[in-house]
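Student: Checked Swiss-Prot, it gives:
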ACT_SITE  37  active site, proton acceptor
ACT_SITE  144  active site, proton donor
BINDING   32, 35, 66, 67, 68, 69, 70, 91, 110  substrate binding site
DISULFID  51-109  disulfide bond
DISULFID  65-120  disulfide bond
DISULFID  83-135  disulfide bond
DISULFID  90-97  disulfide bond
CARBOHYD  87  N-linked glycosylation site
SIGNAL    1-25  signal peptide
């Protein structure tokens, strides 16, 4: 009797695991935003090689060089709070963008003109600017970095 139950439960367990497993390793838009744009520690953000190191570490130079990226050096909670601040229109025309009330510490990374994959070389620029992020979900969190102004 015990063996029969095991033989019935095993295929059921396999089905459940097959259904659950794909979602386990999937990066959500909010997780992608954090990976690509958040660096609260910002420990070496003043280094001229900061962008080269971070763009590689955060997997934005796999297969091609991402042309432009911004890292925000503020606590995640402060960046998430932007989603309840001034509503503005996104560059793509959508209405789910929000502008920070105050200037935040950021680092802009721009691909140098003569740089080609796989040798992605970035110009590092440290600034204090307002950020504009697109927000979605429940809870309402940043999912896209739209601009810095």
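Cβ from N, Cα, C; glycine included.
Give me the lay of the land around each of these features.
Tutor: When Cβ atoms from all protein chains are considered, those within 10 Å of residue 37 (active site, proton acceptor) total 19, not counting its own.
The Cβ of residue 144 (active site, proton donor) has 20 neighbouring Cβ atoms from other residues within 10 Å, across all protein chains displayed.
Listed in sequence order, the residues of the same chain lying 6 or more apart from residue 66 (substrate binding site) and placing their CB within less than 8 Å of its CB are 55, 60, 111, 120.
For residue 109 (disulfide bond), the count of additional Cβ atoms within 10 Å of its Cβ stands at 21 [all protein chains shown].
Around the Cβ of residue 65 (disulfide bond), 19 further Cβ atoms fall within 10 Å across all displayed protein chains.
Listed in sequence order, 98, 133, 135, 140, 141, 142 are the same-chain residues six or more apart from residue 83 (disulfide bond) with CB atoms under 8 A from its CB.
The Cβ of residue 90 (disulfide bond) has 16 neighbouring Cβ atoms from other residues within 10 Å, across all protein chains displayed.
In the three-state DSSP classification, residue 87 (N-linked glycosylation site) falls within a strand.
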Student: Taking only the recorded positions 32, 37, 70, 110, 144, which one has a CA atom nearest to the CA atom of residue 87 (N-linked glycosylation site)?
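Tutor: In terms of Cα distance, residue 87 (N-linked glycosylation site) lies closest to 144.
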Student: Round to a whole number and give the Cα-to-Cα distance in Å for the pair residue 32 (substrate binding site) and residue 51 (disulfide bond).
Tutor: 17
Student: Please determine which of the recorded positions listed here (70, 87) has the lowest count of neighbouring CB atoms within 10 Å.
Tutor: 87
